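According to TrEMBL:
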type     : residues : note
TRANSMEM : 6-25     : transmembrane segment
DOMAIN   : 225-260  : domain 'EF-hand'
DOMAIN   : 273-299  : domain 'EF-hand'
DOMAIN   : 315-350  : domain 'EF-hand'
Amino acid sequence: MAASTSFSSFIYLLLVVAFMTLYLVSHSPSNLHTRSHRRTLPGKRIKVRAVHHDKKHHDPVAFDPIVADFERRKEDLAWEKQHFEDQYKKLGEQLQKNGGISHHEEPYRGEPLKILKNDQVDPHDVDPDYEDPEEYLNDEDQFNITERLTSLFPLIDINPRDDYVTSLELLEWHLVQGKKAMLHRSDREMESHDKNHDGLVSLEEYLPHVLGAEQAAGHNSTEFDDAGWYKQQFEVCDRDNDGLLNATEFNDFLHPDDSNNPRVRQWCRLEQIRTHDTNKDGKIGWEEFHHGLFDQLQDEQDYHHPKLAEQLEAEKLVQSKRKFAELDRNKDGYLTEDEIAPVMEKLRPGELYYAKQQSDYLLHEADENRDERLSLDEMLNHPYIFYSTAYDEDEFDPAIHDEFR
């Protein structure tokens, strides 16, 4: 009887060990990697985007710093090509105007700009043998998305370190990536316009490259994109009033909506007032608000509802009056620059606004249990969400990341 009991216990112990072994193997990182990639990546290639950023368009920053670095390299090459094409075009125009004789300094002919000669991918190691970034990104042995998300997770989960990523932590992650890309562009522009290489840019160095020599000479007109308008913005960003912009001031000049300089932020608000102030009284009445600013404050989906146009307009009227009354703190029937401050993030979105959009999107798509935070398992279960900006649009369902477009 005792022997039978011992044998049964032994069999039970073997079953427990076998079950635990099976469990550990099925949840090992290598197996996670296999399941994840088999489910999400077959036939889909990661692309290095040609990123565009201007006053009317802002592409989302890549979630992975390695992908973002490759995108900056591609952007730099496109910028460099356009830069030299513009320079030689101006030279040709000067030669034609002067009968084949140039009286101006020839465009830059030397080696590429220093900012374009970056061989390092900070802070990650990339195999230098890969001349084609897309070859590297699509080689699973070199760039494994499951392993990348696993290594990035603790870099995001820092406030606090609790094995979960919150919306705020995602926002901070994207904000850092966005500001890094913004500063990179500013450094590139700084080197291009700083002709005497003193680390400073004057208005005289900058204007001819954006307006042309003749238009840059007239500093009187203050209309948008005229020389006088640039002069006003230049002076606002010049914190020490020395007539020159250092790297920080020049970044404020190029990206005023991301500046932490109170004077620059006030200038942005005044620009909004001036743009929509049709009767030029220095403030915004309700009619000016309703037919201008309010449209910028509306969510896009508000206008895709199957209702009659008259009903939509009536609802817009009610919402517009309600929003105007909310902003008009002193109830004088007008909005001043300080009263529109609460909605400036939406009127003139900067990196913080776009970082919040991206973090909200990722949390909404990957948060399986709706606890408003992401575990590593949830991220690994939805890897395509975090790399959606890097997939070829023709190969990836645009509905998954439509709000990024």
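Keep in mind that glycine also has a Cβ here, set from the backbone N, Cα and C atoms.
TrEMBL: automatically predicted annotations, no manual curation.
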Chain residues outside the domain 'EF-hand' (225-260) and at least six past its termini with a C-beta under 8 angstroms from it: 179, 182-183, 185-187, 189-190, 199-203, 206-207, 210-211, 215-219, 267-268, 344, 348-352
Close approaches to the domain 'EF-hand' (273-299) from elsewhere in its chain (Cβ under 8 angstroms; 6 or more beyond its ends): 224, 316-317, 319-321, 323-324, 333-337, 340, 343, 346-347
Tally of DSSP helical, extended and coil residues in the domain 'EF-hand' (315-350): 20 helix, 2 strand, 14 coil
Per-region confidence, the domain 'EF-hand' (225-260) (mean pLDDT, whole number): 92
